[in-house]
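Accompanying notes for the structure given below.
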Amino acid sequence: MSITQILFWTLSIVALFSALMMITSKNPVYSVLWLIVTFFCISGHYILLNAQFLAIVNIIVYAGAIMVLFLFVIMLMNLGKDTEPQKSKWLKLASAVSGGCLLLVLIAVLRKTETHMADLTSGEIGLIQNLGKVLFNQYVVPFEISSILFLSAMVGAVVIGKKE
Amino acid sequence: MNKLIALIPLLPFIGFLINGLGRKYLSKGLIGIIGCGTVLVSFIISLMIFFNGSYSTTPIHYFNFIQAGTLKIPFAFQIDQLSTLFLLIITGVGFLIHVYSTSYMHEEKREHFGRYFSYLNLFVFSMLLLVMGANYVIMFIGWEGVGLCSYLLIGYWFKNTNYNNAANKAFIMNRIGDLGFLLAVFWLFAKLGTANYTEVFANVGKLSSSDIIGITILLFVGATGKSAQIPLYTWLPDAMAGPTPVSALIHAATMVTAGIYMIARSNALYSAAPLTQNIVAIIGAATALLAATIALKQNDIKKVLAYSTVSQLGYMFLALGTGAYVAAVFHVMTHAFFKALLFLGSGSVIHAMSGEQDIRFMGGLKNKLKITYWTFLIGCIAIAGIPPFSGFFSKDAILLSAFEHNKFLYAIGLITAALTAFYMFRLLFITFYGGFRGDEEQRHHVHESPAAMTVPLVILAVFSIIGGFVGVPEVFTHGGEKLAAFLSPVVPSATHHIEHSTEILLMSLTTGIAIIAILIAWMRYRTYKEEKYTAFGKVLENKWYVDELYDTLVSKPINKLGGIANNYFEKLGIDALVNGVGKLVTYGGRQLRWLQSGLVGNYLLLMVLSMLLFFVLEFFLKR
Amino acid sequence: MNALILSAISAVIMMFSGFMFKQKSAVRSLAIILLVVVTIANMLEMRGVAFFHINTIGMLAFDRFALLFSLIANLSTLVFFLLSSKDMEKVGVNYSEYFALIFFILSGVVISASFKSLLLLFLGIEILSIPLYILTGSDKRNLKSIEASLKYFLMGSFSTGLMLMGIALIYGATGTFRLDLIEFATGNTSLLLIAGVMMLLFALSFKVSAAPFHFWTPDVYDGAPTVFTSFMATIVKAAGFIAFMRLFDEAFGNIRPEWRLIVAIITAATLFIGNITAVFQQSVKRMLAYSSIAQAGFMMLSIYSLNADAKEGLLLYAAAYSLATIGIFSVLIKMKDYTFDGFNGFAKHQPVIAASLVVFLLSLAGIPLTAGFLSKFYMLRATIAAGSSIWLVIFAVLMAAVSVYYYFRLIQAMYFKDGMEQSIEISQGYKYTLVSVAALTIILGVFPNLLTYWLYF
Amino acid sequence: MDIKYYIFLSIALFVIGIVGVLTRRNTIIIFMCIELMLNAVNLLLVSFSKMHHIANVAKDPLAGSDGQLFVFFIMVVAAAEVSVGLAIIVMMFRNTHSIDVNFLNRLKH
Amino acid sequence: MVVLLLILIPLIGGLVSFALKEGESAKTWSLLVSIATLAVSLVALALPDHAPSLQFSAGWMGSLGSSFTIKLDGMSQLLCLLTAISYPLIFIATWKTEYRKAYNFYALMLLTQAGLIGVFTSMDALLFYFFWELALIPVYFLCSQWGGERRIPVTFKFFIYTFTGSVLMLIGLLYLYFQTPDRSFSIESFYRLDLPVKDQYFVFWLLFVAFAVKMPVFPFHTWQPDTYEQSPTATTMVLSGIMVKMGVFGVIRWVLPVLPIAAYSWGDFVMSLAVIGIIYASIIAMRQDDLKRLIAYSSIAHIGLMAATIFAETESGLQGVMMQMFNHGINILGLWIVVELIERQFKTRKMSELGGIAQKAPALAILFVIIALANISLPLTNAFVGEFMMFNGIFSSTVTKYNIVFAALAGISIILAAVYTLNMIQKVLYGDANAITAKAHDISINEKFSLGAIVLLILVFGIYPQPLLNLTDGFVETILKEANVAYLIK
């Protein structure tokens, strides 16, 4: 096992574990924290895949900004451990079983895909320079269009947030 | 001449239109004149045809009634010997009865009087169409037309529900027969492509024997309806609800003989179907006997005559069935005379008794209604078959043929003849002999009818006496029967193989039995006694319970079936099914709503589950 | 491109119009004028006059199909503005922002009609959706509105997740996001690709509210302020279908056998659930929500058959359905009582409006000589032409017969039952507009070529 | 490394997200689970992008960069969505003082 | 152009009537419009066959392979004539009936007429479907708005029932369309089709169900008695006199020639259904007390006979169907007028509550009796000719082995018809007047006119039917040639 493989497995297991912890934690704050762990693991994977730009953005945007926003909201609402009523057991079981089945099915289907990636860390595309080039050459239209999205989200937040 | 021939049915039709439309505006006299006059002119034209000999078997074509592809039905008349004879009977007797009616119906309101005459004229028109038509379709038009008129006239006094029921019954029973007739016509069309007499009879050979049997039986079914044979005879006695002249004309002299006319007309077909002939003969004989037994115990003067008519019609079918077509036609003619006479006579009696029809409340009318009595007596003698009155000759011809054909049928005929003599004279004696049994009012009222009624009686009586001479059998004359000779181009005459001595013996036997029956009646009914009720007598009085039988076997089940179909099958079956689909949809809508639980978690779970299903379907089940 | 950019600009202008104008009628007039400008620009582009020459590098393609649909969407929105914009005032205080959001949605509509890349599909759908979450929840005092908004948002995001997963899998299989290249790469079908296609199928089914991904629809349509339900049930849903159609036609047309069965099942289920559930509804608004599911079932037939007829028919369907539904909603908004009984005796008091409503309902039910019939006809024709699916067609028409049941209930209430008069304010202009929309519905039903003509010339 | 491990990992994270959505009632946590789903997609896209890059790098040195750009756009959209979503959740909390997703079920049937 | 006028006059007349806003003038206007239509229809009759003005074609929905092609051939001449004659008679007979918002009523009636004539003349399947529905929608409103107590659910059922049938028909037509080599809805292309047997079977049922519901053939009939009972009588007249003919018409024009093998193979089955229906409806009719329901069931029986005859595929039979379509329309119109008069006067349709009308209203009684006799197809009434030919057609049919059985069983209906019709006459007209009927008065001049006209038609075509037969014989020959399956029968 090479070092990348060890890293891969470690990150994967941690990511899955923290994801599971996220959905099972009673306390929402813990959930947020576990999710942040997951995001860090994913960022680790990005680095492993030589996608440094995304790794950084992921940490800044997701783990940094978005999750803090979440935390902030949770704090704002002062949600404790006991605030969340539990779903019925059967419903939970059904949900878990159906989710598990979905996983099984998808894995059973996709396990036949076999492409070997020999050299994980090589390649320059994940660098900010290369991505920037592509973004502002080929993807300039979607980039501009995403501004519409942001504008609308902004207007939306104003509409929702403004007191009447 | 063709134009004149067209006038024969057209005139009564015009009379019908004038009387029908103008019934509110014309005076009774005018109505009577129009009614009688049109028939008289038709009669005169018929006489002209008869005496000019302008009859032939070639049809006279007027226009195409229906022409569609291969189906060609010309509106054409066939004035041959057979139809000429019937023309004479219909218009002649018809005219007399019209005249009689002017007096008999005189008390009706003007518009009803007009209505009556218009119906009567319409009847004559239809009857003429029936006998003049050159094919079965035209005959059928007349056939149903007379049925309609019969219906209208039976129900003439429409306020009375019983009369209306009788009218309905008559029409419906006729319809049953008509269906048979129609099917026979379709059969002819299917096999021969035509219903014209000339073509059909020329092509009888082309029909297979089963076709012929089918067609003839179906035609006979038609005849049993119209001519009141077993099993469709029960309407005729009920039909006496109509005014008495109507009973005389329609339910005795003319319409009911349409079946005989039809079979005589189709003799070519029947002669080719011995099986059917046997059936016809058996049905005829059975009807004759059955009706005669019933007539024994009836107390309504018209009912007795009605059953007598049924019985005599049975005779005619017996003749037809034994191949004696001429004898049947002959009996039609003589029967028309004496039965019309008897009915008109009974009408005169009823008229005199202010509408009383029950003979138990009559009696002793002999002296008060002289003309009526004598003519009635003549009629009774004629129907009883005493020589040389007309009934003797025609009945004898029939019995002779039956004897030749089948001894058993002959025996029935003989018994019937005896019964006939008995019940007719029972009627005569109870009505005219003994003491008057009506109430005081009637006693004052009793009077002889006016001339308009008695003259037709006398004329008919004369014909009842002499009418038989056209068909005096070979035994007595040389050169054979005139009637048979006259009809021979259309109706083949039966050839007898019986010794003349036997024939005379048979005649004496018939006559003797009739006389004995009359004597028994004389002894029993000369003075009226209350009849004792016996069990069998009760059965007879109730007409063998046939009406009740039909009611239980046919009417009620059908009605019940209708009820079941209406209340259960329709409402709980089909309709419920249709509504059930609608209800199911509504129910489904109500149940499916519960899927929409309002909970996001459930929605998402359902979505995930269906995704799962789709994946399984796509990746595992499809491959 | 004209419409896209101009509507985005219009949206920005509307954002600020609240500061510029104090009167709501001025804001309204401005919005209508801007929309007319956008519409005209769109028409001009169909005539070959493009204001903006931007190289989209294969991301967007403003072909006839896309332009015609944007035109239909713009015109429908115009009708919507003319009929219902006044009623937006009642929703809340952010009058101008609502217009801005609608203009944003319109630009999203244009994108989802003209995308050539999965990325643009994603962006387009999101631009459609996010403002809708807001509009749904814009009646902030009303718990129903909030509930609807929350449900819509959660389920919408979930389906976005599905869509993205699908896109990722397809990317994995083909190595590209461009529709033409994906189609080129679908020559060898891998399971990865099929799984991705199915994920996309589910996500788009969700957007067009096809069963069994329809659950959000009744609740959201019911809870949202009626005036916005009208908009989202018509133009936005049609846009979803156009995106659906474009994606499956241009990218996955070659592997049709792989997904056809699933689409058939979804179609049948949608027809069934939509129609059957609508039967029992007591509220007209909720009935219309289910009816929109039912209509989606019919539109799904075009995805199933995926031929020239289907494309043409989908456009016609979008137009017919939008016109009729906007018309009905515009009346419904003015009513106080949303139940069927609320419409009792309506024809007696408002004969003209009732007559127009009848035309709309007939159109929705698919009665001939209305646009609704012809659009359904096109769908059936397309499906039969696609072959071997006659049972689906028969099922569809049987369900159409069921639909008669609930549409005619409204007609019955209006015409054959007696009820109290509801005081509703109706201006002359509104009346004329409604009647002309009804007339348009009939004209389209008699001469559909007026619309589809544009596809070919 | 085999690409399928990445696929498995992403799918697993994705499904965990789904299960979380299904089992929890706290709106915020549900929303977080959705974010987890998006991140699973992101991971998958990046790994695919790498895979395509390795396969096609000879033809095009920038091959596969579109996958990573897509991730960038997803993050952009997610940010926008989060802002709107949290606004809605806050609005709900303001009105009902609950963030139980089942609390609001006036709309049904 | 003449044929276009036939559609346009009632269509525009109807639209104008909406705008009249005043009952009396709408009434007069509608009568004038219907008389104008009648006049045009008579002009059309006078024109020679295949005259250019008997057809009209305009491009319409070319992209769908459809065109606005209408034409008057034998059968459409006949049925348009029936429609054109019926309308003035209906308007005159119901002149005194008051309707709320009469302008709407008359407008919808005229629109129905336009739809009916369109159905009968269209030579394009899609156009046919359009008119088919166009004729239905106004009827829905007519019945629901001006009908009896239970009108709303009953009409609704009727509408959904027929609508379901017609959408299935649409599928069938579409399917056929796709089989035509030139992708066209025109009737010529349909007639040129030579479908494989399996397809024929399947399309046959799609089409037939629509027509069977409309006719209606047992067991698709349950909408009919209710609808007839609940509709305003003027509408019932249109429904039963003309509209049910759409089903018969449809089978003859669109099923027999297009799907000859299926029509032959399913013929026995359909005939059995029809024959069962005839007897079934007849015995149910015997149990009815409501005049409208009685006539409704009687009509089912009559139509059943037509349905059976069509599938016998004989020339005389089809000619009989043609005759009978016209005659049944006239006769039942007469019956409805009588019912309308009785109901208007006595406020009841229950036979058990009536009686003794004959002595108070002899004119009504006589006309009623004649019409009733036509209903039982007495000779020298028009119905006799039709039924005679139909029975004959069934009997001589070569496409079924059971021709005799069918003819005999169907024939029972003439007995049963007599039973219930005479019973009806007796209960309504005869007997003594009771409290309800004691103050009866006779009918007025315009009612006499309309009933008289009907009686005149009954008698004229009963005695001399040849003009009607000549009208359709060419058409029937064509249809039979198209439907020829002689090569299948060994």
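Even glycines carry a Cβ here, placed using N, Cα and C.
Note that the structure is predicted; figures quoted are calculated from it, not measured.
As given in TrEMBL:
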type	residues	note
TRANSMEM	E:29-47	transmembrane segment
TRANSMEM	E:76-95	transmembrane segment
DOMAIN	E:122-402	domain 'NADH:quinone oxidoreductase/Mrp antiporter transmembrane'
TRANSMEM	E:126-146	transmembrane segment
TRANSMEM	E:158-178	transmembrane segment
TRANSMEM	E:202-222	transmembrane segment
TRANSMEM	E:234-255	transmembrane segment
TRANSMEM	E:261-282	transmembrane segment
TRANSMEM	E:294-312	transmembrane segment
TRANSMEM	E:324-342	transmembrane segment
TRANSMEM	E:363-384	transmembrane segment
TRANSMEM	E:404-425	transmembrane segment
TRANSMEM	E:445-464	transmembrane segment
| If we call contact 3 or more Cβ pairs under 8 Å (sequence gap 6 or more), are the transmembrane segment (E:324-342) and the transmembrane segment (E:234-255) touching? | yes
| Long-range Cβ neighbours of the transmembrane segment (E:29-47) (under 8 Å; 6 or more residues past either end) | 2-3, 5-6, 9-10, 13-14, 16-17, 20, 53-54, 72, 77, 80-81, 83-85, 87-88, 91-92, 106-107, 109-110, 113, 117, 471
| Where else in the chain does the transmembrane segment (E:76-95) make close Cβ contacts, counting only residues six or more beyond its ends and a cut-off under 8 Å? | 6, 10, 27, 30-31, 34-35, 37-38, 40-42, 44-45, 106, 109-110, 113, 116-117, 120-121, 233-234, 237-238, 241-242, 245, 249, 322, 325-326, 329-330, 333, 337, 340-341, 446-447, 449-451, 453-454, 457, 468, 471-472
| task | For the transmembrane segment (E:363-384), find every same-chain residue at least 6 residues outside the stretch whose CB is under 8 Å from a CB in it, and list them. | result | 298, 323-324, 326-328, 330-332, 334-335, 338, 341, 357, 414, 417-418, 421-422, 424-425, 428-429, 442-443, 447-448, 451-452, 454-455, 457-463, 465
| note | Residues outside the transmembrane segment (E:261-282) whose C-beta sits under 8 Å from one of its C-beta atoms, at least 6 past its ends, are 195, 197, 200-201, 203-205, 208, 217-219, 221, 255, 297-298, 300-301, 304-305, 307-308, 311-313, 394, 399-402, 406, 409-410, 412-413, 416-417, 419-420, 483, 485, 488-489
| note | Sequence-distant residues near the transmembrane segment (E:294-312) by C-beta distance (under 8 Å, 6 or more away from its ends) are 212, 215-218, 221, 224-225, 228-229, 240, 244, 247-248, 251-252, 256, 263, 266-268, 270-271, 273-275, 277-279, 281-282, 284-285, 288, 318, 320-321, 324-325, 328, 332, 335-336, 339, 351, 375, 387, 390-391, 393-394, 397, 399-400, 403, 406, 410, 413, 416-417, 420-421, 424
